[in-house]
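All remarks here apply to the structure that follows.
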Amino acid sequence: MRKLMLLLAAALLVFGGLTGCEKEKPAEKTATAESAAKQDSAPAATEEAPAEKEFKIGFVYVSPVGDAGWSYAHDQARMELEKRPGVTTSFVESVPEGADAERVILNMARKGYDMIFTTSYGYMDPTLKVAGQYPDITFMHCAGYKTAPNMSAYFGRVYQARYLTGMVAGRMTKSNVLGYVAAFPIPEVIRGINAFALGVRSVNPDAQVRVVWTKTWYDPATEKEAAKSLLDVGADVIAQHQDSPGPQEAAQERGVYSVGYNSDMSTFAPKAHLTSAVWNWQIFYDHVVDSVRDGSWQSGQYWWGLEHGIVDIAPFGDMVPQDVRDEVLAKKADIASGKVAVFTGPVKDQSGKIRIAEGEKAGDAALLGMDWFVEGVVGTTE
Amino acid sequence: MMGYRVVKRQEPLNWGSFFIFLVALVLSLSLSGAMLAVQGKPFLKGLYLLWDGGFGQLYALEDTLLKTIPIFLCALGVAVCFRMQIWNIGAEGQFALGAVGATWAVLTFPAAPAWVLIPLMLVCGAVAGGLWALVPALLRLRLGMNEIITTLMFNYIGILLLQYMVYGPWKDPASFGFPMTPMFPVAAVFAPVVGRIHWGIVLCAVVAVALWFFLYRTRLGFELLAGGENPRAARYARMPYNFLVVFVLVLCGALAGWAGVLETSTTLGRLQSNVMAGYGFTAIVVAWLARLRIPTIAVFSFLLAGLRVGVENLQLELQVPAAFGGIIEGLILLTVLAGQFFVWFTLQPRSKGED
């Protein structure tokens, strides 16, 4: 018995060694075409290289890049950045917001990254902390509000795209009940729901938007179940503020419509998918990377919208009639040109109280701290 | 397997079990390496990065130790319960309640000095976690309800309670509606004792020694161990079995609660729902792998924490997906547990004339 065990152990070690020797590649050459993103940080760090020092950009994602949603959209932009000469990028995915985030950001900072993008609201305090320790690195934090001399906050006015998707959904609903699968009751999500509801009611004043909270950014099973619960109360369009296409699939299975988020989710629900509110982060990332490299970067809050093209709506599904498309695209042009603002009064909240007066446009501060629902939304902000 | 039969050993392996653990570890790491190779990543470099990320640099060691502390405390609590064959899987909820308890203390006495606030946080965290474990204990004793179900369900209730406090009464009015409590005052943060490692590590050492002393040098501890081996015999010997059931659950609740207190105070500095990092469940894995022995629990907590930290390095340098860390952890657990079969049983070749 003992001899057998020893033999087994030896065989394993040899096997392990052999596999290692075969497959180990020198650090410079990275692997096959299969891998999602290639970069090598090892040669980038040498100062005495004859060419200029590689510009290293790191990304921290809250969910896997394969989520076809939030992190996927950021990663698409990252891959565009990777194509630039002299730039290498890397990322760490599925980093929980909390203690782990600080460690990941710190490690990137220690390894000499020049710019670090942290792509979730929960990374705000860890990013701020590390930014204080590494003043030479530029930190870009998404979906938050704190800044520092070397840290900026950025987001996109995706509520504008949401308004447009609301218009489409409002025109396509027959039951006048729309479902919204939402993550956390924070201002960003509430604002999206409100914009969606305003869009729906601008074309269909009798419709209502019912909200369900999943308390997670990314959990396909939970999201799908939440969508089903909305379908059970008669919703025939499902919208979402989630990172996976789970709700889209639930809608397709029931034969109703859906509106996606983050990226074009039509491949997951071709019969159901009307449109999505999508991100084009590469427009912003190009600008910001350029500004760091040419020295013109300044700390601040960036909140670009349709006018820059950083948010948009995905191509319409085949089931959307031409007149709806024309109506929505016309409104999109109006918002992009600044002629129309989404949150323009009179806007009432759920209790009927006027929150935005007639003719008034809500300012950014009010939008950033939005914690109330507009009339027509069924649900609580708790 | 045809030529062998399974025979139970006279005595379970002692030093041999360590050897079996090594073999299991090598097997699981080889399998992980094979998976890396299949993806086209360099196998040995991957393992090196894993090691380097978890243990290779001073800051990595500090990160690993910081992660070890909550895992170790939870694992100790869980192991004590498991020794009595009380299958408490509620460490996660008890962790949450500990965090809630400490936050209550901080928010109620924000101006208190550190020498008052820190002990108060520990007391409140222990009480909250202990109470949370007490209910399943009483349900088991009075109503015969299986503690696996009750403690598991209490996890969800505990986490939701934490979320309710953070979204509602305790939400920081200055935080733009984002769900988090106000930042804790400096007096509520455990100070570092060595490098970046805070006093939690001293607490771990104290608890470990105290627990060892309790289990192996006191009568009640002996009764606990005996009660775990054979509850019926223990009852016949008039050991206070019912009291011990309550005792171990409350103790685990208190220890997991302390882990919650430490995490809230040191890593976040405020209470948010993402203080929950799954340590309560990790602790169960660690306790099992370590076969419920205190020094081994310390080692395994450290190794598992190192694995978690090291996997991030692997992700960063080699673009390995995040799920990979979970896969390695699962493989190690499976192989080590399967290997434990050989601690109790051996395979003997069948002689020609049999059956």
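Cβ from N, Cα, C; glycine included.
So that you can see what the record holds, here are the features copied from TrEMBL:
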TRANSMEM  B:64-82  transmembrane segment
TRANSMEM  B:94-112  transmembrane segment
TRANSMEM  B:118-141  transmembrane segment
TRANSMEM  B:148-167  transmembrane segment
TRANSMEM  B:187-215  transmembrane segment
TRANSMEM  B:241-259  transmembrane segment
TRANSMEM  B:297-316  transmembrane segment
TRANSMEM  B:322-347  transmembrane segment
Recorded stretches the transmembrane segment (B:241-259) and the transmembrane segment (B:148-167) touching, at least 3 CB pairs under 8 Å: no
Selected stretch (most C-beta pairs under 8 A with the transmembrane segment (B:187-215)) from B:64-82, B:94-112, B:148-167: B:64-82
For the transmembrane segment (B:297-316): best-contacting stretch of B:64-82, B:118-141, B:148-167, B:322-347, by Cβ pairs under 8 Å: B:64-82
Tertiary contacts of the transmembrane segment (B:118-141) (same chain, 6+ residues out, Cβ under 8 Å): 86, 88, 90, 93-95, 97-102, 104-106, 109, 112, 147, 150-151, 154, 158, 187-188, 190, 242, 245-246, 249-258, 260-261, 265
